[in-house]
Amino acid sequence: MPNFSGNWKIIRSENFEDLLKVLGVNVMLRKIAVAAASKPAVEIKQEGDTFYIKTSTTVRTTEINFKIGEEFEEQTVDGRPCKSLVKWESENKMVCEQRLLKGEGPKTSWTRELTNDGELVL
């Protein structure tokens, strides 16, 4: 089992503004979000299949606790409340599918993957 524990810094970000556009975030908020999220700090603590992930930007900090295979509540990247379920996709990659609690919108998900080079891919 991989160990995701550590403090991670972003090297590059791709398509974040496009994602926000698809989610319906207005232009001004997209620009602010992209600028703020360009250098997030990510802290991960892992004990077996139990995770704590803290993501900090200049605009907001989010914290989630979850166990692989057990549904939990969090917020989508644009702040909508959702139920999330994380599963292992491969030995080094977890995938989270999100289901909105209210309303309708695009299907959202997130991933975390450890590369052979020791990098964390979001």
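Using N, Cα and C of the backbone, Cβ positions are placed for all residues, glycine too.
Going by TrEMBL, these are the annotated features:
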type: DOMAIN; residues: 6-23; note: domain 'Cytosolic fatty-acid binding proteins'
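Mean per-residue pLDDT, taken over the domain 'Cytosolic fatty-acid binding proteins' (6-23), amounts to 80. Per DSSP, the secondary structure of the domain 'Cytosolic fatty-acid binding proteins' (6-23) breaks down as 7 helix, 4 strand, 7 coil.
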